[in-house]
């Protein structure tokens, strides 16, 4: 089963590389980024443009509403269906994105944690708001010591998630992780690379891109999200730039302050992406962006434009 996996930090040039490969090899570009699934965030997540999407088939982009707490498990299910369709069409699947957990699920499998009922999630979130993360971390230490030992006492999101699972299922996260979903792609036939640009140049590009976003629709996206009154803990509401821009629109930050926060958050995220892939998926080949087309062409026996 042939497939190409293109990972890398945000703003590293993944989309252009994937599109060039899709056009040259008859491929379908499959989103492997947890934020680009949201239809409400085309600008702020730097999704491919409509013009780019016309050049080659693109799947799993913008198919989820911001009100949905979309999970890695949901993505795996969606990706499995898309992968079957792409192979039936005789096209090359090209998975592209920066979400390490999605790539890990592709090649190594994923824990099969069942959905948490809304009433359980809402109850845990209410206690989190009322009592604070430290109190819930103490509760987690009693109910799932292994998870509590792994999490910092102020890690609101992960503490809440671990408590939701043990409360809904009666079993700790580790039990579910031990019995998971098999990988979608076997190791053989998979070409996997991580675009690794120079850090300083990448950070400059991130800063410039966020300024362009702010002038090209990002504020309108943030305003539309803010008007919906969604839970601020939803993934879409935590996308880089969204909280700061909403605060700016509410008069709490200047435009310059909001942009600076968005830039800093995005640079920090890029740094975490380097670290995560280095330790979690060492089988990915690290390639400089300027060398990526030649490297891919040699691997696949073709010339990329």
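Heads up, the Cβ atoms here are built off N, Cα and C, so glycines get one too.
Segment annotation: Swiss-Prot labels region 'Interaction with substrate tRNA' over residues 33-36 (candidates 33-36, 37-40, 41-44). Other Cβ atoms within 10 Å of the Cβ of residue 13 (ATP binding site), summed over all protein chains shown, number 17.
There are 22 other CB atoms within 10 A of the CB of residue 15 (ATP binding site), with all protein chains counted. Taking every protein chain shown into account, 14, 121 are the recorded positions, and of these the Cβ with the most other Cβ atoms within 10 Å belongs to 14. Counting residue by residue with DSSP, the region 'Interaction with substrate tRNA' (33-36) contains 0 helix, 0 strand, 4 coil. Of all the recorded positions listed here (12, 99), it is 99 whose C-beta has the fewest other C-beta atoms within 10 angstroms. Compute the center of the Cβ atoms of 10, 11, 12, 13, 14, 15, which mark the site for substrate; besides them, the chain residues with Cβ within 8 Å of that center are 8, 9, 16, 46, 98, 195. The Cβ of residue 11 (ATP binding site) lies under 8 Å from the Cβ of 46, 202, 205, 206, 209, 266, 270, each on the same chain and at least six residues away in sequence.
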